[in-house]
Amino acid sequence: MSFDGYKEVINEGDTVILYLTISQVYNVKAEGKTLNKKGQQVENIFQTPYGALKCAELIGKTYGTKIQLSKGWGYILQPTPELWTITLPHRTQIIYTPDISMIILQLEIKPGSIVIESGTGSGSLSHALIRAIKPQGHLYTFDFHELRTKTAGQEFQDHGLANYVTVTHRDVCCNGFGEDLNEKADAVFLDLPHPWLAVPHAVKALKSIGGRLCSFSPCIEQVQKTCCELKNFGFQEIQTLEVLQTQYNVQIRQFPTLDVEFLKYPKTEEVEKKDREVQKCLTAIPPAQQPGHTGYLTFASLYPIWARTVNKNEVDSD
Ligand SMILES: C[S@@+](CC[C@H](N)C(=O)[O-])C[C@H]1O[C@@H](n2cnc3c(N)ncnc32)[C@H](O)[C@@H]1O
């Protein structure tokens, strides 16, 4: 129950974050026993580069505690959607935090929002959506891969989030989101290989007062098809963007000073001393490598029902 609000003390069954370094962050379950590959109950021991962690020892500790490992130490942190995204077990490609933040902002998701998502995948985006719509809102998430829906459903249960989310096993391109959700959603999010097939179903699911849609696609050809279909079905304000995050490192650096006047003189002890002088500067260092392309985000608005114009089969050149 560790995702649903802040807690002081780690209880048995909590999912916690083990932070060793900025690139060595893991999720661990605070449970004394676990099942091995043969299905037998064994002691739950998590191996880290700094030694083994007996997970039973986490129970009763305070979040934020520094824990000793045989070859170093780590910190036990509260899980958040951001930490879950970087530590979750990958069952599919996932959506990362820079894209997630843009999705939540552009879809205008807030506490109380009713949101539809497909596919559920590994549940990376779902966790962030649930935090944004809590406590009165609801997330309806769909995937046509049965095991993925079951695993995601179990994770939501384990994380204490089950009341805020309904997981459904369904092919949304063929069968839509279901009559129960007609005109219920404030926002629809699509992360599908053929998102344009789900657009007519999104129109049915969005509220009659209108709503927002987002489609995430890695390829520009998917974007083109989706934009055409969005236009056909009366969406407005269609906009595609790509989020490329550049993180700067602000730090004090030392640089050798170069005094050209001194270069003229013979190398006396005084000149050599001047050569070795350094100057301290406050710098902002760009990353050595720029993070690459993840996907394109297409956003669109469906206006209130009385203001909609449907351009079926009429894609013009503007
Ligand atoms: C890339 S993953 C989604 C990842 C997810 N956004 C996340 O952040 O973890 C795409 C998912 O869509 C599901 N999917 C593909 N086509 C579908 C369809 N027609 N109906 C429902 N789910 C579908 C796949 O099974 C897969 O799990």
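Backbone N, Cα and C atoms are what each Cβ position is placed from, and that goes for glycine too.
In sequence order, PHE144 are the residues near ASP171 (S-adenosyl-L-methionine binding site), counting only same-chain partners six or more apart with C-beta under 8 A. TrEMBL lists SER122, GLY123, SER124, LEU125, ASP143, ASP171, ASP191 with the feature S-adenosyl-L-methionine binding site.
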Take the Cβ of SER124 (S-adenosyl-L-methionine binding site) and count every other Cβ within 10 Å, whichever protein chain it belongs to.
24
Other Cβ atoms within 10 Å is the metric here; tell me which of the binding-site residues SER122, GLY123 scores highest.
GLY123
Work out the three-state DSSP category of ASP171 (S-adenosyl-L-methionine binding site).
coil
